[in-house]
Amino acid sequence: MQPTNFNTLINWQQCSEEQQKALLSRPAINASERITAAVSDILDRVKAEGDSALRDFSQRFDHVQVADIRITASEIAAASARLSDDVKHAMAQAVRNIEIFHNAQKMPVVDVETQPGVRCQQITRPIASVGLYIPGGSAPLPSTVLMLGTPARIAGCQRVVLCSPPPIADEILYAAQLCGIQEVFQIGGAQAIAAMAFGSESVPKVHKIFGPGNAYVTEAKRQVSQRLDGAAIDMPAGPSEVLVIADSGATPAFIAADLLSQAEHGPDSQVILLTPDAAIAQAVAVEVEQQLALLSRADIARQALESSRLIVTNDLQQCIDISNAYGPEHLILQIRQPEEIIDQIDNAGSVFMGDWSPESAGDYASGTNHVLPTYGYTSTYSSLGLADFVKRMTVQQLTPQGLLGLASTIETLAQAEQLTAHKNAVTLRVTALNNALTAVNKE
C-alpha cells in the first residue's frame, strides 16, 4: 500500500499569508448546477405527486421497490429481536448520558419587572413536529438517531418523523424505538427531505428537519429551508473535520487514532494537526500509516488524508490562534493543562480535553451531541442541543400604572420614527386611564 501524502511537515512560519490561507481551506462542497437542478426537480415532483414520486425515486436511486413506505411496529419489534444484547446495552447507556446532558439544558422561565408595573417573561414551547433524516448505506448511523431523537423527546415535540433509505438497518430501527419514535419511513435522499418538508399521502409534513446526508440531501435541505412552503433546518452541513492541538507530552498513537476516526467518515473529510513539536508531528505521521493498515475503511481515510495537514507552529499560542481562525467541528486539546487554555478557544463545535477524551466519546456516548457545525460555521452556529427543538416566546403585561410610567418614552420614540399609529395606541390608553381617574376623583 502506498503511503499517504499525510507525512509532509509544514512549517507555518515559513509560509506566506496566501499559503497559510490555502492550508486552512476546506474541500469544496458547493453543489454543482447539475445537483441543484436535480434536487429542485425531485422536490417539485414529490410535492406534486406524493407517494407515487417517492416510490419512483426509491426504485431509481436505491434500487428498491417500496410497497409500504411506513415501517410497521411489528417490523421494528422484529429488528429489535435480531440485535445482540451488547448493542442494546450500549445504546441504552448512550441514551442515559445524552438524556442527562440535554435535560440539564432546559431553560428556566425568565420573569422580571423591568420597571414598576411592567412585567416581561421569556417562555419556551416545543416545536410541534420535527423530521429526522438518518443516512443509510454501508455504515448505518444509529448514534445519530439517539442524538436527534433524545432531545426531541425531552423537548416534548408532539410528532417526530424519521426517514432513512431502504432497507433500514436493524440498529436504526431499534434506536428509533429506544427514543420513542413511532413514525418511521423507508425513504432516502432528497426525496425524503421533500416528503418531510411538503408531506405526502404517507409522510406527514413537519416544521423542522434535522440530520446529515450526502450532497443531494444537503442541497435539498438548503432548498426547502428557502421555500415558503418548505421547512426549517438544523444548520448548514459540510464534511466531517477534526483539528488536534498537541504539545510535546502528547501521545502520537492517540493523536493518529483521533485523526483517522474523522478521516474514515468520507473522502471529503479533513483532519489537521497543529503542534510546536516537529518530533510529535513526525511520530504522528508514522502512527497514521501503521494504524491505516488496520482499518476497514482505510481507502476512504486515505482519500481524506490527501487534503489534510501536519502543521508545525512556533508555540502553543500560535496553535490556538490558527484553530480559532479555522473553527473546527471537533477540537482535541492533547496538551498537559487543557483547562488553562479553554477560555481562549472561541470557535469550535465540540472540544475534547486531555489524553483520555477521544473524539469517539462525543460521537457516541459521553452525552454531548455529535451534530455539530462544520465548514467554519462554528463562528456563528452552535452544537445541536435542546434549544434547537424548542422556540422562545416573550410575554409582557403592563398594569395601568406601568403603562403610565412608560407612556412618554414609547410616544417619544414612536414619534421619532414617524409611526403615529404606534404612538396613538399608547395615547388613547393614557387618555382613557386619565378620564377614569378624573371620574373617580369627582365621585
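Glycine is treated like the rest: Cβ placed from N, Cα and C.
From the candidate list D170, D299, D363, the residue Swiss-Prot records in the substrate site shared with S240, Q262, H265, H330, E417, H422 is D363. A separation of roughly 45 Å, to the nearest angstrom, links the Cα atoms of H422 (substrate binding site) and Y133 (NAD(+) binding site). In sequence order, S240, E241, V242, L243, Q262, A348, G349, S350, F352, E359, G362, L372 are the residues near H330 (substrate binding site), counting only same-chain partners six or more apart with C-beta under 8 A. Distance from the CA of N214 (NAD(+) binding site) to the CA of E329 (active site, proton acceptor) is 17 Å. The Cβ of H422 (substrate binding site) has 15 other Cβ atoms within 10 Å, all protein chains considered.
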